[in-house]
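Asks: Pasting a structure below so you can have a look.
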Amino acid sequence: MAVPGSLAECGYIRTVLGQQILGHLDSSSLALPSEARLRLAGSSGRGDPAARSQRIQEQVQQTLARRGRSSAVSGNLHRTSSVPEYVYKLHVVENDFVGRQSPVTRDYDMLKAGMTATYGSRWGRAAAQYSSQKSVEERSWRQPLRRLEISPDSSPERAHYGHSEYQYAWRSHVVPGGRLTLPRYARSEILGLRQAGTARRPPGCGSFSDAVFDNGPLKPTMPTHPPGTSHSAGSLLEETTVRVSQARLQSTQSRTARSSWPRSSVRSSLREPGRMLTTAGQAAVGSGDAHGDRSVFADAQLGNADIEMTLERAVNMLDADHVPVSKISAAATFIQHESFQKSEARKRVNQLRGIPKLLQLLKLQNEDVQRAACGALRNLVFEDNDNKLEVAELNGVPRLLQVLKQTRDLETKKQITGLLWNLSSSDKLKHLMITEALLTLTESVIIPFSGWPEGDYPKANGLLDFDIFYNVTGCLRNMSSAGPDGRKMMRRCDGLIDSLVHYVRGTIADYQPDDKATENCVCILHNLSYQLEAELPEKYSQSIYMQNRNIQTNSNKSIGCFGSRSRKLKEQYQDLQMPEERSNPHGIEWLWHSIVIRMYLSLIAKSTRNYTQEASLGALQNLTAGGGPIPTLVARMVVQKENGLQHTRKMLHVGDPSVKKTAVSLLRNLSRNLSLQNEIAKETLPDLVSIIPDTVPSTDLLIETTASACYTLNNLMQNSYQNARDLLNTGGLQKIMTISIGEGYAPNKASKAASVLLYSLWAHTELHHAYKKAQFKKTDFVNSRTAKAYHSLKD
């Protein structure tokens with residue numbers, strides 16, 4: 001049963017875990033026997049105080065022994081922190097963005113001593129700060145007892161983001177204010193009076209294809225997507241290449257450099273004494289000659305002689321006869337090192353036919369060789385589409401998956417999953433990845449690490465850790481953009497959606513909404529909710545939409561001059577009895593379930609990661625697009641049951657323009673429900689007016705946001721005289737008229753939307769006197785420009 005939390009936990013509720021969890025604690029042996037039993041035992045000669053003390057010590061020792069065995073065998077009580085392991089390593093530094101270097105300053109020993117540790121989230125545009133006053137052991141053994149089941153009452157204070165510049169693996173564009181932003185992964189189109197056209201992309205963002213993450217050039221023709229849906233269209237990017245230190249070149253027995261691989265071109269390396277770390281941007285401005293920078297390293301097995309290693313020599317050593325395994329590993333490590341910072345080196349290795357040789361090394365039952373080969377391949381395919389295709393054509397994906405299932409070396413698994421992430425960024429390989437890798441990745445990584453279906457919490461064990469799970473979710477995030485067929489296959493994958501939902505709910509319950517793997521999971525769910533109505537399997541559509549087919553379309557009553565857009569038909573749709581929810585949803589049923597709706601609203605309120613917020617808003621936007629039972633059910637749930645408007649309206653005032661645009665798009669979909677319009681207007685009208693600029697918007701993103709705001713206001717004004725009067729009283733009409741005029745003879749979407757709104761406002765004859773009193777005249781509302789815009793939407 002849910003019970004309110006303490007004042008310190010405002011916005012959350014707690015639920016009691018099931019009895020089966022308590023069964024694992026097994027601490028009842030700490031209780032002493034009753035005095036009666038002690039006296040009875042005394043008759044056997046063991047009732048003296050010394051015997052009693054001995055029994056207590058024996059019981060304590062037995063309990064500690066059981067706990068020790070439990071920790072070694074079972075991970076049921078273990079929970080991973082969202083802070084990756086490499087953060088605690090003092091000698092590992094992560095440089096994520098050029099222009100901002102914030103090496104980790106706290107290590108594992110400091111955490112054990114109870115000192116505060118902070119780290120950058122390395123994923124969004126801000127660096128979220130985390131701290132801990134407990135030891136790592138305490139946090140890893142603490143069993144969380146809270147589950148967030150409703151959207152919190154209020155959102156936390158939003159972090160303030162400063163000016164920073166980012167460098168990415170692909171083109172970026174500059175927004176007003178000089179801030180460099182990466183192209184968004186998500187694109188949204190809004191449900192209007194008729195299908196909206198395809199939005200223009202910012203320069204350098206690629207094409208609006210049905211692939212979620214495309215980084216190719218703009219295509220001559222762009223497909224039109226169903227209006228009202230949120231569609232991902234940017235590139236998720238690839239995993240970063242791994243830089244190998246000089247010490248690694250000298251000893252192939254050392255571990256590969258640990259790193260996290262976020263969506264930007266992040267490079268991680270081992271800290272070298274007295275040497276600055278090299279980031280992707282620094283490498284880019286350095287030497288690009290694959291042969292000019294030659295590394296000299298000592299190999300003990302070559303008699304400690306200094307050998308000048310080149311790419312040619314390294315590639316030749318990969319398959320030479322009678323070459324010791326240690327030299328093969330060293331050669332692969334050298335290739336990994338060289339291809340880290342030089343795109344020319346990646347191309348040169350391909351020309352030397354090094355990729356087939358590296359793939360052949362996967363057959364060797366040697367962890368060092370496999371690890372080095374996978375690391376080299378991961379760097380070779382980074383930002384190199386030809387190398388990606390080469391790996392795929394050589395049947396590399398099945399080989400990698402085979403090693404992933406067989407090896408017990410965590411570092412090798414990290415290299416493989418990082419390599420698969422890079423491969424999945426290629427549009428040409430996404431379907432191949434879904435066909436060959438989806439099932440294995442789900443069964444081998446996603447399900448076991450998430451803790452589903454046992455109901456356990458996300459945990460690491462001897463075979464998996466957070467970085468591996470994070471890499472796989474990044475790979476699946478790319479794969480979820482593979483178009484309709486790919487989405488359908490992923491929805492049908494048994495256990496995938498269940499595990500993703502279970503993991504996200506677990507991080508929310510642990511007060512970790514900014515977990516970077518959570519962002520990946522939510523983006524996958526967002527993509528899988530795209531076009532959900534149209535792509536539902538037949539068994540669901542037959543049961544859920546049967547009532548839709550039985551609408552009285554043969555009624556003699558007129559349904560209005562605009563067909564399916566008329567008010568009467570909308571009322572018939574919305575008067576339908578909503579389909580009942582299953583108490584135990586499975587698979588695709590999670591996508592529209594009330595638990596997931598609350599999960600999205602919780603992330604909107606609690607997360608400070610822009611992409612997590614945008615994906616959550618976009619998923620709700622997808623689910624509310626359309627006129628069937630599911631969109632209507634979700635809209636009512638968001639507005640009436642879960643108090644979702646308060647969280648959505650706050651997103652209208654965030655600094656990130658894409659989050660703001662997606663929030664307006666969601667409100668536009670919600671405003672199409674007649675029964676919700678007055679409530680939406682009461683809650684959000686001042687906010688919608690406030691985000692409309694005073695002048696004609698000039699950027700594509702601001703144009704889209706302004707157009708969505710005007711269309712939302714139009715939905716709210718059409719059927720309500722009071723809402724139209726409230727709009728007049730806000731003082732926003734002058735801004736709307738300014739935007740309606742636009743830029744002469746080339747009106748954009750925003751000016752067209754403003755014109756439609758003005759034309760609709762004049763239809764309220766009761767307000768004509770109020771308009772004139774406010775110094776407005778009829779021609780401000782009805783003229784050739786507004787009439788043309790209004791009637792063009794009705795055609």
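Cβ atoms here come from the backbone N, Cα and C positions, even for glycine.
Sharing the features that Swiss-Prot gives for it:
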- 245-257: compositional bias 'Polar residues' (COMPBIAS)
- 258-268: compositional bias 'Low complexity' (COMPBIAS)
- Ser44: phosphoserine (MOD_RES)
- Ser82: phosphoserine (MOD_RES)
- Ser132: phosphoserine (MOD_RES)
- Ser135: phosphoserine (MOD_RES)
- Ser151: phosphoserine (MOD_RES)
- Ser154: phosphoserine (MOD_RES)
- Ser155: phosphoserine (MOD_RES)
- Ser172: phosphoserine (MOD_RES)
- Ser188: phosphoserine (MOD_RES)
- Ser232: phosphoserine (MOD_RES)
- Ser265: phosphoserine (MOD_RES)
- Ser287: phosphoserine (MOD_RES)
- 299-339: repeat 'ARM 1' (REPEAT)
- 343-382: repeat 'ARM 2' (REPEAT)
- 385-425: repeat 'ARM 3' (REPEAT)
- 484-530: repeat 'ARM 4' (REPEAT)
- 585-625: repeat 'ARM 5' (REPEAT)
- 633-672: repeat 'ARM 6' (REPEAT)
- 677-718: repeat 'ARM 7' (REPEAT)
- 721-763: repeat 'ARM 8' (REPEAT)
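What's the neighbourhood like for each of these?
Replies: Remark: secondary structure over the repeat 'ARM 2' (343-382) totals 34 helix, 0 strand, 6 coil, with classes taken from DSSP.
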Asks: Tally of helix, strand and coil residues over the repeat 'ARM 4' (484-530) according to DSSP?
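Replies: Per-class counts: 36 helix, 0 strand, 11 coil.
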Asks: Sort the residues of the repeat 'ARM 8' (721-763) into helix, strand and coil with DSSP and give the three counts.
Replies: 33 helix, 0 strand, 10 coil
